[in-house]
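Enquirer: Sequence annotations record features per position, and here Swiss-Prot assigns signal peptide to 1-20 based on sequence analysis. The topological domain 'Virion surface' annotation in Swiss-Prot covers 21-783. Annotation comment: Swiss-Prot describes Asn66, Asn236, Asn241, Asn308, Asn414, Asn492, Asn647, Asn741, Asn764 as N-linked glycosylation site. Sequence annotations record features per position, and here Swiss-Prot assigns region 'Disordered' to 163-186. Annotation source Swiss-Prot lists topological domain 'Intravirion' at 805-821.
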Amino acid sequence: MMCLIIYLSIFLIIVSRMLTGLPMMDRPDEGGLARRTVGEVEGEFSYRDDVDVADVRNLFIMLPKNGSDIFLFIFDRRSQRQRGTMFLFPKAGFVQPTPAKVRDEAAAAPFGFISPVYPLSSLLFNPYNGRYLTTRHLIAFEVTPESSLHDWYFARSPTTATQTQPLGHITNPPRRSPKDKPTTSGHTDLIIRYCALELDFFQDTRRQRDGIYLPNYEAVWPLAMNFLEGMWIWSNRTLVNVTIGVGFMGFSLTSISYPPLEIIVTPHYTNARMITRFKSSLVLDPPGPSEGPLYKVYVLGYGNNRINGSFYKTMRTIASYPRTKPRLSLPPFHGTYGTALFLSHATPQDMDGTTAYISKISTRLATALFSLSEVRRLSGYVAIDELIDLDFNTRLLANTLLADGMQNFQDPINITYYYNSDVGRTHLRDALDTIDHQHVSHGSLITRARYLQLIYTYTSMEKQSQLSLKLSGDIVKDLYLETLYSDVVRWNTTAKQALFLSSMLIYIAGNIQSSVEQEAINAGRMLFLQCTSMCTTEHASTVRWNPQQILYDLTKSSTRFNIFDGFSPCMASNRYDIISPYGILDLFSAFPISSYRSIEKPAVDSNTHNIIFNLRNLYTFIPELFSCPGVSSNHQRPIAVLPIGINCTYLITRRDPRRGTLYIVDGIDVSNPIIISYLRSGECGIERGIILPGNLNNPENTDQCLYCGCVFMRYKSSGEIVDLLLINDKAVELELVAGENSTISAFNPTKYSSPSSVLLLFPNGTIVTLMAFTSHEVIVFSSNFIWASIGGVFAACLIIYIIIKMLCSFTPDVRYTLLNN
């Protein structure tokens, strides 16, 4: 469809016989465009499509000298200025005295005394002629409801603002503000204070610039506005464009795979104008709900109750997203303003569901930026945590929007802020370069988590890998040890955020080519083991798997919602037997990465697509699973996957995978068997292994960690696997052999009410039934005893020496008597 709005830099020709004064020539209609074809009745508007430029030259000569017609010719951009559309207007429309630009003079305190937004509903700067552009040709693609005014107006959401409830539905805490003039500390202090949950503020120094917003839907007239900032989220297949002005937001979502969507937000007294199929006397705004206390929302998309009804329902839903009152006390951008809705939908299984899914996510991102911009403008400042929160979640959800929602795994995803949007963000990037990373690594869990958030948000993927890999690994290890030694682990938002960010950054580092790629692969395999160990049956029973339940709980609470509240170690694990089928796993599956390697999608059962590290991650971090094409192990739904060594993995399944060294666990319900396969990279043969019964050596009397790297597996005769725990250091090993005296409840058999058995899986492929640990009696002498003994021996020797010396030095007095006769 050619562009028909005259403000789009199109070449146009307006000729009238009155202006040219050329004589009327009686010649045949060589171009086939007779006078009656263009407009036989004086004073009427008509048009003709697909007109050749030669026809225009003919008409130029044919029009009468003092006629009352004016015609306009618009080239089709694809025709190289040879063909286009011609319109014939009555001349009277261009001599009306109505001014072209009329602003609404209504007073509005947040916007000044003159509206910052007003429509340019005119033709050649004359609004009188706008009524002529109401033909079917201009809206043949049916962008809006056309036959029923009931479809034109949307019901307002009960959670948005009204005159009686100007703050709408409250789910966020009060916004903090600077006590004095908003200031920003130095670079280093900026990050340290943020990580320590102390506020810094930026002043709102954005500049306004006059601009014109050109809607993607050409039926809507352009809007004059005061431009502030904007954002693009784009790939080779998709573009999300957000334009922010004073009291104005323009949002558009365009893709080669899905129908377009556009949202326009204006001050509540601004009447946008559009071309419709109704008669010119019925002037309508674009579709949308009624205005709120400050803003009016318009939604444009392809759908109504009769045509594309599912998308029309989506349009009505997202019309309630832009808040109709700037929440100076309750900013909706905290915690991502869009994550609550994001978690309320399972991953769609069809095209209509996917369209609604990505439309809602992208709209939430746009309205979050608009809300922050308005609150920032009205208050004169922005808190650093508000800006970081928005940027972090925008980057996070952009991956879902473009990569997962659009099935666009191969194209890079880009986020571009323009004009005033980079104010403050440059300062944050500079601050990251001055921080002492070693100092942060020794901080508290919340300090390290917020630092990882900054790294993810404001650095490149290459730099992310270098700065975050070791820190991420340490965080995962600390959380794993805490879960081992604590009977009740408090998985609060901080712990979930730290685990999520650590998992995500390790994942990114392993999926890009960098100097630490191999180190990242090793860290990722260890991450799998530790998260699988943390995903016990007891923990899984406490996870809120249902997104709808999470949203329901949110509506009943006044606390701030965070996307991390729905995260769990199970979502970053390779444990598949205790997960729930709800869609929350699908929601988290698309988060971590910004660009993917160009690889073929591994052939894994569709039931495993919804775990955060499956499909893309299993192929990257555990390639030995897919090193034998065509083997059935590539197509099974496993119980668990344990990357236990270098290029070696234990695969636990219910069916024989026909690959690797196979161990069949005895004493298990025949309907629910446990088969353990030890897989090596490139080895596709089959061997039968034997699980060895017996006692193991007690490692208490040695400093060497005999069982580090092994996996402790507790199971029941029913086939249920209770625990899969990694032995990762000497302290955990000693707890393992302590038995009933172990402070780790998973190692203590008295903690289990029903009988269970234990296997120990070694990194070399050996599996042993754990019966007991054999203790050998060893006489141990303390160092004090040894030194005392040495001293005693020395003293005894000294005494003996003295005695001998005395005996040897003694001379007897022997006297002889001469015997005489």
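Keep in mind that glycine also has a Cβ here, set from the backbone N, Cα and C atoms.
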Enquirer: Report, in whole Å, the straight Cα-to-Cα distance of Asn764 (N-linked glycosylation site) from Asn414 (N-linked glycosylation site).
Expert: 44
Enquirer: Please report the DSSP secondary structure of Asn741 (N-linked glycosylation site), reduced to three states.
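Expert: DSSP assigns Asn741 (N-linked glycosylation site) to helix.
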Enquirer: Where the distance is taken from Cα to Cα, which of the glycosylation sites Asn241, Asn492, Asn741, Asn764 turns out closest to Asn647 (N-linked glycosylation site)?
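Expert: Sorting the glycosylation sites by distance from Asn647 (N-linked glycosylation site), the top entry is Asn764.
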Enquirer: Could you work out which of the glycosylation sites (Asn236, Asn741) has its C-beta surrounded by the smallest number of other C-beta atoms within 10 A?
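Expert: Candidates: the glycosylation sites Asn236, Asn741. Fewest Cβ atoms within 10 Å: Asn741.
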Enquirer: If you count Cβ atoms within 10 Å of each one, which of the glycosylation sites Asn241, Asn414 comes out on top?
Expert: Asn241
Enquirer: Report the nearest neighbour of Asn764 (N-linked glycosylation site) in space among the glycosylation sites Asn236, Asn241, Asn492, Asn741, comparing Cα positions.
Expert: Asn741
Enquirer: Among all the protein chains here, how many other CB atoms are within 10 A of the CB of Asn492 (N-linked glycosylation site)?
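Expert: Within a 10 Å radius of the Cβ of Asn492 (N-linked glycosylation site) lie 12 other Cβ atoms.
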Enquirer: Tell me, what is the mean pLDDT of the topological domain 'Virion surface' (21-783)?
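Expert: Over the topological domain 'Virion surface' (21-783), the predicted model scores a mean pLDDT of 73.
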Enquirer: Applying a 10 Å Cβ distance cut-off over all chains shown, what neighbour count does Asn764 (N-linked glycosylation site) have?
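Expert: Counting Cβ neighbours of Asn764 (N-linked glycosylation site) within 10 Å gives 11.
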Enquirer: Could you check which of the glycosylation sites (Asn236, Asn241, Asn741) sits closest to Asn492 (N-linked glycosylation site), going Cα to Cα?
Expert: Asn741
Enquirer: How big is the gap, in Å, between the Cα of Asn236 (N-linked glycosylation site) and that of Asn741 (N-linked glycosylation site), rounded to a whole number?
Expert: 60
Enquirer: Given Asn241 (N-linked glycosylation site) and Asn741 (N-linked glycosylation site), what distance in Å do their CA atoms have, once rounded to a whole number?
Expert: 62
